[in-house]
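**Student:** Below are the features I grabbed from TrEMBL:
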REGION    1-53  region 'Disordered'
TRANSMEM  113-134  transmembrane segment
TRANSMEM  155-182  transmembrane segment
TRANSMEM  188-207  transmembrane segment
TRANSMEM  219-240  transmembrane segment
TRANSMEM  260-285  transmembrane segment
TRANSMEM  306-330  transmembrane segment
TRANSMEM  358-378  transmembrane segment
TRANSMEM  398-416  transmembrane segment
TRANSMEM  422-442  transmembrane segment
TRANSMEM  462-483  transmembrane segment
TRANSMEM  489-513  transmembrane segment
Amino acid sequence: MFLTSAPGVPQTMADDRQPLVPDDDLPYSPPPPDLNSSLQDGSEDGGGDDATQVNFEIAPGQVHIPSTASSGFSFRKLWAFTGPGWLMSIAYLDPGNIESDLTAGAVAKYKLLWVLMWSTVMGLILQLLAARLGCVTGLHLAQVCRQNYPRGPRLALWIMMEIAIIGSDIQEVVGSAIAMNLLSAGKIPIWAGVILTGADTFTFLFLENYGLRKLEGLFCSLITIMAFSFGYMYCTIRPDQGQILQGMWFPWCQNCNKEAIQQAVGIVGAIIMPHNIYLHSALVLSRDIDRKDKNKIKEANMYNAIESAIALFVSFLINLFVTATFAHAFSDSTKYQNPSLSAAGKWIFEKYGLAMKIIWGIGILAAGQSSTMTGTYAGQFVMEGFLDIHWAKWKRVLLTRSIAMGPTIVVALFAHRDLDMLNNWLNVLMSIQLPFALIPILHFTSSESIMGEFKNSRFTKILVWCLATVIIGVNFYLGFTYVDGVLPIWGYVLVGLAVLIYMMFVFYLAVGLNNWNRLIERIRAWRSGQGVDVISSGIN
């Protein structure tokens with residue numbers, strides 16, 4: 001186990017757990033990292049890479065954190081920690097989010113900007129919990145789930161996250177394909193764009209061989225392209241600044257119809273991605289943190305929080321550019337009644353010309369390419385963490401990409417005419433997966449046996465559980481609105497059965513393992529007539 005003990009930080013994740021599972025389900029302890037091969041020599045600013053490294057991986061301790069004379073804030077250290085938060089923020093800028101933004105602007109104009117802003121704030125809080133879990137424990141969320149859940153629940157969690165990754169990947173790959181179709185004036189069909197996107201993801205992943213910092217720089221460059229593309233459109237079309245401020249700071253939706261309300265709920269589901277919480281908890285492990293020193297852990301938490309806040313602020317501005325731009329212009333169009341990525345490209349070409357269409361296509365392509373690559377990393381971390389798979393990199397990339405690309409190609413071939421409806425259903429699909437990331441991260445970061453003195457305070461617990469309740473409730477409403485009145489009777493019976501099983505699993509996760517253990521102890525004591533202490537001793 002490469003997690004070292006620190007004052008107030010437990011040495012192992014599962015020392016205090018009392019598993020009610022067979023021996024083969026006892027907590028998994030990963031081998032210590034090979035610091036000679038994975039730890040970068042690096043320069044003092046955290047920007048150096050080992051040029052002789054061949055099989056580069058995003059693994060623990062690769063970026064050195066420079067030491068400084070003073071204990072105060074250091075821009076050199078902030079620069080060393082810069083990277084994971086920007087990769088995480090790409091999930092807030094994928095084509096699914098962009099389409100949600102432009103639809104919100106077209107349907108409700110500026111009235112839903114406050115939903116976008118506060119959804120980003122809620123996402124930031126949850127991402128900080130994920131980063132803190134990784135910094136304190138030296139493990140990412142999928143590994144912690146493997147250590148603390150019995151086999152059945154953890155396999156179910158893995159399947160749910162794979163479904164979320166597949167749903168997100170469909171949006172990302174299809175979004176890239178639409179961008180290629182727009183930029184090629186229709187010469188590259190959607191299905192061909194899907195195949196090209198899947199292939200060039202492997203090409204970009206070879207950039208790992210040049211070092212993690214250069215790979216992070218690539219992602220930041222793609223975010224910069226999005227910012228300039230959508231920012232240029234924003235400045236050219238010039239939406240109403242007063243209405244933008246009003247829409248951001250006044251939670252209202254006057255005269256909104258059902259479609260606008262559904263879109264408001266859809267923004268929450270599109271912004272907060274469940275697998276992105278797993279991804280962020282793994283990305284922060286790439287920084288070399290001395291976990292023997294609790295002050296170093298506090299420092300890492302602080303710099304990760306600053307970097308994540310800056311990255312998500314930039315992502316919010318980009319989403320704001322898109323929403324406000326189409327709030328001003330797209331809703332005036334009578335020709336394209338159903339706003340979408342492809343329809344927006346055609347409308348932009350007709351009203352603003354070829355140059356603006358190319359800028360729009362470049363922004364969408366950057367969003368699709370970057371989010372597809374981070375989705376690949378999320379799939380690798382999730383699979384390795386839950387299943388304890390240690391394969392060669394090319395095998396893992398091939399497997400994780402194949403799992404997502406198979407359904408994506410099928411969708412592109414058979415559902416390309418209904419991509420708008422597909423995007424809505426995919427938002428619902430990913431929304432119902434949210435509890436399987438939210439609830440574990442809330443439980444684990446509130447556990448003293450896992451986090452030590454870095455566990456959530458009582459105020460933080462109340463805040464994050466309230467946020468989780470709101471998010472889960474909002475997404476249940478989103479799912480209900482999309483199945484209401486569209487299924488036959490037998491369809492509702494099947495949906496009702498699925499919802500019952502789903503709710504039981506969510507309830508199991510929400511109660512928490514410790515409470516389940518206590519409940520089982522009391523039930524066994526009641527059935528056997530023995531005391532709870534006797535039963536508890538037997539379980540131990």
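Keep in mind that glycine also has a Cβ here, set from the backbone N, Cα and C atoms.
Heads up, TrEMBL stuff is auto-annotated, nobody curated it.
Just so it is clear, the model here is predicted, and its values are computed rather than measured.
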**Student:** Any residues 6+ beyond the ends of the transmembrane segment (422-442) with a Cβ under 8 Å from its own?
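**Tutor:** Apart from its flanks, the transmembrane segment (422-442) reaches 96, 99-100, 126, 129-130, 133, 141, 144-145, 157, 160-161, 163-164, 167-168, 170-171, 174, 266, 268-270, 272-275, 277-278, 281, 340, 411, 415, 456, 461, 464-465, 468, 471-472, 475-476, 478-479, 482, 502, 506, 509-510.
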**Student:** Any chance the transmembrane segment (306-330) and the transmembrane segment (113-134) have 3 or more Cβ pairs under 8 A, given the pairs are 6 or more apart in sequence?
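**Tutor:** Contact confirmed: at least 3 Cβ pairs fall under 8 Å.
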**Student:** Going along the chain, which residues at least six beyond the ends of the transmembrane segment (155-182) come within the CB cut-off of under 8 Å?
**Tutor:** 91, 94-96, 98-99, 142, 145, 149, 188-194, 196-198, 273-275, 278, 341-342, 345, 357, 360-362, 364-365, 367-369, 371-372, 375, 378-379, 382-383, 386-387, 403-405, 407-408, 411-412, 419, 422-423, 426, 429-430, 433, 436-437, 440, 505
**Student:** Give residue numbers and ranges for long-range contacts of the transmembrane segment (489-513): same chain, 6 or more residues beyond its ends, CB-CB under 8 A.
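**Tutor:** Residues 17, 148-149, 153, 156, 432, 435-436, 439-440, 443, 472, 483, 519 contact the transmembrane segment (489-513) from elsewhere in the chain.
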**Student:** Which stretch, 113-134, 219-240, 358-378, tops the Cβ pairs under 8 Å count with the transmembrane segment (260-285)?
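**Tutor:** Top-ranked stretch among 113-134, 219-240, 358-378: 113-134.
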**Student:** With a Cβ cut-off under 8 Å, give me the same-chain residues at least six positions beyond the ends of the transmembrane segment (358-378) that come close to it.
**Tutor:** 58, 87-88, 90-91, 93-95, 97-98, 165, 168-169, 172-173, 175-180, 182-183, 197, 200-201, 204-205, 219, 222-223, 225-226, 229-230, 232-233, 275-276, 278-279, 282-283, 341, 344-345, 348, 397, 400-401, 404
